[in-house]
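To start, the structure itself, in structure tokens.
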Amino acid sequence: MEIVGCRAEDNSCPFRPPAMLFHGISGGHIQGIMEEMERRSKTEARLAKGAQLNGRDAGMPPLSPEKPALCAGCGGKISDRYYLLAVDKQWHLRCLKCCECKLALESELTCFAKDGSIYCKEDYYRRFSVQRCARCHLGISASEMVMRARDSVYHLSCFTCSTCNKTLTTGDHFGMKDSLVYCRAHFETLLQGEYPPQLSYTELAAKSGGLALPYFNGTGTVQKGRPRKRKSPALGVDIVNYNSGCNENEADHLDRDQQPYPPSQKTKRMRTSFKHHQLRTMKSYFAINHNPDAKDLKQLAQKTGLTKRVLQVWFQNARAKFRRNLLRQENGGVDKADGTSLPAPPSADSGALTPPGTATTLTDLTNPTITVVTSVTSNMDSHESGSPSQTTLTNLF
């Protein structure tokens, strides 16, 4: 877009200064100013004519009185001294506007043409940009920095958690569901809300056709080829599954899936082994409270060295197995899976009752000489056992 020179005539430029009102200037000075302006206009006309003869003004065709140019905007004749040349057409200064926002483009450095219409830079990228932000659905210019997640592209300011609007940067862990981005904390909350604790991993996979809610990391894209082993099993956990039975002489394992793969590929599972003192602590507290709150989980995490997430899932699966064992006990008292008899519920006179005011505190859970109170059902009495290794809670798993 260029501002093209004045109209060319044979001898002089037709420009004449309009009548002006001068204050405080004598008549002689006014006459001198008028003569100087006329002299300059004649000089400009001679230079323009010489440039045209030398072929240096091929891109700026002058307007001649014989064949006046027509404005591409309004269709009228261009009689102004200056006009605009854009997309090989002549325009009045006032007629070159964006067709969307009506912004005058005479002072802009660039303008865009599409299907015969003129656009400013912002409207052109908004309407015809190749890529759009998956959050605000506005165009992304080629010079902007973006964040990529799966097949979606986001502005840096739009790559935030859909729940808390926390800005996610490179290296942060996040999750995606239905093209929405979540930070790690709210993604875990979303997982817990969608999948009830009593459902196991196999039931979830059978219902949903495979888990489709993996964690992502801002430093990379979707993994291709052979999966990598994770250094820390606590990172990138999708669903944690409690495996087999609890035994003090054998270590328990939590199965952790990596990113989901098609059924034709084999999935590798990361296993976390519990140490004996960790198992004793968790079992002892489970005998007191089947559903610990956040404060109790924090204390257990400090005592066992496990994360709150691992402890949550262990208690969820322990509660589910405890309920299954109670159902089997009501149906006959025999566990058909392992062929062992479950202990009968204690009667009202089956031992000394533990006073309610002497509940075992969390700091005493690893003491081998403590008294463990086992709660079988809500309407049954508690009884006293000798030590954690002989408690009836162990047989329930």
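Glycine residues also receive a Cβ, built from the backbone N, Cα and C atoms like all the rest.
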Feature DNA-binding region in Swiss-Prot, mapped to one of the ranges 207-266, 267-326: 267-326
Residue distribution over DSSP helix, strand and coil in the domain 'LIM zinc-binding 2' (131-193): 10 helix, 21 strand, 32 coil
Number of helical, extended and coil residues in the DNA-binding region (267-326), per DSSP: 43 helix, 5 strand, 12 coil
PLDDT averaged over the residues of the domain 'LIM zinc-binding 1' (69-130): 84
